[in-house]
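Feature annotations, reproduced from TrEMBL:
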DOMAIN    121-375  domain 'NADH:quinone oxidoreductase/Mrp antiporter transmembrane'
TRANSMEM  35-54  transmembrane segment
TRANSMEM  74-92  transmembrane segment
TRANSMEM  104-121  transmembrane segment
TRANSMEM  127-147  transmembrane segment
TRANSMEM  159-178  transmembrane segment
TRANSMEM  208-230  transmembrane segment
TRANSMEM  242-265  transmembrane segment
TRANSMEM  271-294  transmembrane segment
TRANSMEM  306-327  transmembrane segment
TRANSMEM  361-380  transmembrane segment
TRANSMEM  386-404  transmembrane segment
TRANSMEM  411-429  transmembrane segment
Amino acid sequence: MHSVLSYSLLLFPLILGFGGWFQEKHFFSNAQKNSAVQITAILLVITAITLSIAYVSEPADFVGPWFALTPVKLLMLLMVIFMTITLIKFSARYLQTEKNVDRYWRWLLLSLASVSIVILSNHLLMFWLGWVAISLCFHRLLLFYPDRPRAVLAAHKKFILARVAEFLLLAAFIILYWSHNTFQITSLVAHYQSLISMGAELVFADKVAAVLIAFTALIKCAQLPVHGWLIQVVEAPTPISALLHAGIINLGGFLLISFAPLISLATGAQWLLLILAGISLFISALVMMTRISVKVRLAWSTCAQMGLMLIECALGLYEIALLHLFTHSLYKAYAFLSSGDALQGYHLAQFSKPKKLGMTSAFITLFIAIISLTIVVLISRDVTPISIWLLVSLSFAMYFTTAIKKLFSKDVLLAVITVSVLLSFYWLGKSLVGYLVPEMPQAMMFSAMDIWIAAVFLSLYFTSVVLSIYPNAAMTKTLSRWFFSGLYLDESMTRLTLILWPVRLRNNAHRHPARHTQ
């Protein structure tokens, strides 16, 4: 059975890679190239079904010298295949009038082939090569419209940051190999899990490697101040934005989950993630409130969501981080692919628009959150960080108070039912994913890490409430202006980028005006 799994794992990148190679050959007609894309999708589905049946019939982890298959990897792979099929179906209609559609198919399929290599890899070198290939292939997708200056500038900034992240990741992998004399990721993870069970500490070299991996994840997830390219790539075609937000940018979280035992033992790496991702979450969420364009709001939402996912990893809540990764990928794929439809775009804009709280509603929200949080602390035997429960309590309390218009009406019953259903789905998803992720040490309730993140969530809540209640105050207008500009962080990064590595932008605005979104 292991031989079947081994060959099946190799088939995924090979099928996608062959589909991309086929698009490069000019002696094939456009009809033949389109047929090749559809055949690629069919082969992926057949291979996925075969792999799933083989794994379920013998549910033991497959570990080879180059590739490995675990429940987490299998779910990630199935999600990538689902996204591939969805993007192929959507793009066939969306880009049917584009002259360079074969170039799009080539780099899309090669990007997804690289993603599958990263997911399945059990070798540090293979993992790193796949990581680099993702960035290089996706760079060509970002340049699909080379005559749009903002798109070219965004791709240029991402290209530089990707090289920095790859250098940091390579340095981390070299340190890990030098310290343990193995390229096998499963062997490294098993070693760190044994350290956790024995209560031992990391050596200095491993701590350095953990910090480098944390920096790599922060850059990959576009955390402030290296976020600007993510906001500007909305110039790219919609399916490219969907792929980025749903399947590529969250690989920083997958990197941390893959090396969870190492990160759990490295306090310095955890604090690095908590501080930088916490600040990024706070600013990104407030900036999102000031924006108008649906796509730009979704981009800022991704910055905030990735910050939250990194925080979950740093707190040791890897099962929540993995659940977050899946749900965020599916939602953002749907959101971007639906943003062009007039009716669905309107409903998406209404859904993503922040609900304004009055003074009374704000106090009711806080009161409900405090009561529910107190109940959790008193009756729960779990030592989960209180900050996560605070976020959940505030979120559902805010929804409850904004959903009801009158105290005694059907809105109250509807809000209660909705909150109950959402909580049930959250508990069910967390429980199911919890079986797939090995249990890791968590930040203790009311520890310094927990208090810091709780302070971030409370600060975000109170700031958003003040901006909502007093929109005409002088201070609110000043803050709104600063948040609308993203605190001018990207402008500073852009100037630095152009000083270090200038790029020539085509001045074709009179023929192909770049869209200026807010």
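Cβ from N, Cα, C; glycine included.
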Same-chain residue ranges lying at least 6 outside the transmembrane segment (306-327) that approach it to Cβ under 8 Å: 72, 75, 79, 217-218, 221-223, 249-250, 252-254, 256-257, 260, 263-264, 269-271, 273-274, 277-278, 280-281, 284, 384-385, 387-388, 429-430, 433-434, 436-437, 440-443, 449-450, 453
Dominant neighbour of the transmembrane segment (271-294) in 35-54, 127-147, 208-230, 242-265, by Cβ pairs under 8 Å: 208-230
Folded-back contacts onto the transmembrane segment (242-265), same chain, C-beta under 8 angstroms, at least six residues removed: 72, 76, 79-80, 83, 87, 90, 108, 111-112, 115, 118-119, 131, 134, 138, 141, 169, 185, 188-189, 192-193, 195-196, 201-202, 206, 209-210, 213-214, 216-222, 230, 233, 236, 273, 298-299, 302, 306, 309-310, 313-314, 316, 318, 321-322, 324-325, 328-330, 332-333, 336-337, 437-438, 440-441
Positions on the same chain near the transmembrane segment (127-147), where near means CB under 8 A and six or more residues out: 100, 103-104, 107-108, 110-111, 113-115, 117-118, 121, 154-155, 158-159, 162, 166, 169-170, 173, 185, 233, 235-237, 240, 243-244, 248, 251, 506, 508, 511-512
